[in-house]
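Per Swiss-Prot, these features apply:
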DISULFID  C68-C82  disulfide bond
DISULFID  C168-C169  disulfide bond
DISULFID  C181-C219  disulfide bond
CARBOHYD  N53  N-linked glycosylation site
CARBOHYD  N122  N-linked glycosylation site
MOTIF     201-205  motif 'WSXWS motif'
TOPO_DOM  20-232  topological domain 'Extracellular'
TOPO_DOM  254-359  topological domain 'Cytoplasmic'
Amino acid sequence: MAWALAVILLPRLLAAAAAAAAVTSRGDVTVVCHDLETVEVTWGSGPDHHGANLSLEFRYGTGALQPCPRYFLSGAGVTSGCILPAARAGLLELALRDGGGAMVFKARQRASAWLKPRPPWNVTLLWTPDGDVTVSWPAHSYLGLDYEVQHRESNDDEDAWQTTSGPCCDLTVGGLDPARCYDFRVRASPRAAHYGLEAQPSEWTAVTRLSGAASAASCTASPAPSPALAPPLLPLGCGLAALLTLSLLLAALRLRRVKDALLPCVPDPSGSFPGLFEKHHGNFQAWIADAQATAPPARTEEEDDLIHPKAKRVEPEDGTSLCTVPRPPSFEPRGPGGGAMVSVGGATFMVGDSGYMTL
């Protein structure tokens, strides 16, 4: 019989919880009950109610609806939230309306369902003779809370936290080395079975450092580098770029000198062979033939060996100088047949048949 009743009631309970969650989370409305002392309702952070001037009414139990006692405004000058007192008894009903009176948000449940406890305070850390650490703090004024203690070595990363949890406000963390330094932090978490799924844990306390047997200076031996001391990236990049450019220029000049030293200078053929490219378009055979045709004829070896005779000067006996020039064979006197030869003063004349003398 009990199983049948559970099967019938379970879907209804789940549907009611889903409906309540849907009403509570509808739009951009957030409800938080801070340490069961005040209830904070905020809206307008999203697109549904951004810029809208909304009004809130509330009541506990079946009393009359009351207006919000204290609004806070956004930067645009419109309402964005309300602070109202929390009561541990009775159901809290919230009604949020727009300027025309239309309902935009409504919820009715205990204020503790939106509980967010305050962080633990006056946290004390003590080493035990066994090498463990006892963490203690004052208890909250209400029940239904679990506490979490996280620890890590001082130089570990953010994700290196190890958790120890329990229902009391006095927890012992074991497995530690007294010669090392550790960081601790604590928070309180409402139990879902006691307050519901919309309750949320408190903020973490500030990190407390425990040095143990080590000196306090050893805990801060290797602090994280300050961002202000980091070298500026832009000047460093510009300096590296300038250095790289200068190195490339020097390498190019040195490479050119090495190339000039290793490779001989090749003369320009257009200066040594005029007309080779202008007239013959690089045809060396045609250029040679043209150069031979325009060159003066060279002397043969026979002409170089030929000796030309020179005329001699003949000194006659009477002291007069006579220049004897050889005559060509066509001008040598030939005596015609039948002529008489006459010699006068050493000169010979030939007398022809007509009586004239021929010298």
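Quick reminder: no glycine exception, Cβ is built from N, Cα and C everywhere.
Features recorded in Swiss-Prot, as mapped to the structure shown.
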residue	record	Cβ contacts under 8 Å, 6 or more apart
N53	N-linked glycosylation site	V78, T79, D98, G99
C68	disulfide bond	V41, S55, L56, E57, F58, C82, I83, L84
N122	N-linked glycosylation site	W137, P138
C168	disulfide bond	Y147
C169	disulfide bond	P120, S136, W137, P138, A139, Y147
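The DSSP breakdown of the motif 'WSXWS motif' (201-205), given as helix, strand and coil counts, is 0 helix, 0 strand, 5 coil. When Cβ neighbours within 10 Å are tallied across all protein chains shown, the highest count among the disulfide-bonded residues C82, C181 belongs to C82. Averaged over the topological domain 'Extracellular' (20-232), the predicted model reaches a pLDDT of 86.
DSSP classifies C168 (disulfide bond) as coil under the three-state reduction. In this structure, N122 (N-linked glycosylation site) belongs to neither helix nor strand by DSSP; it is coil.
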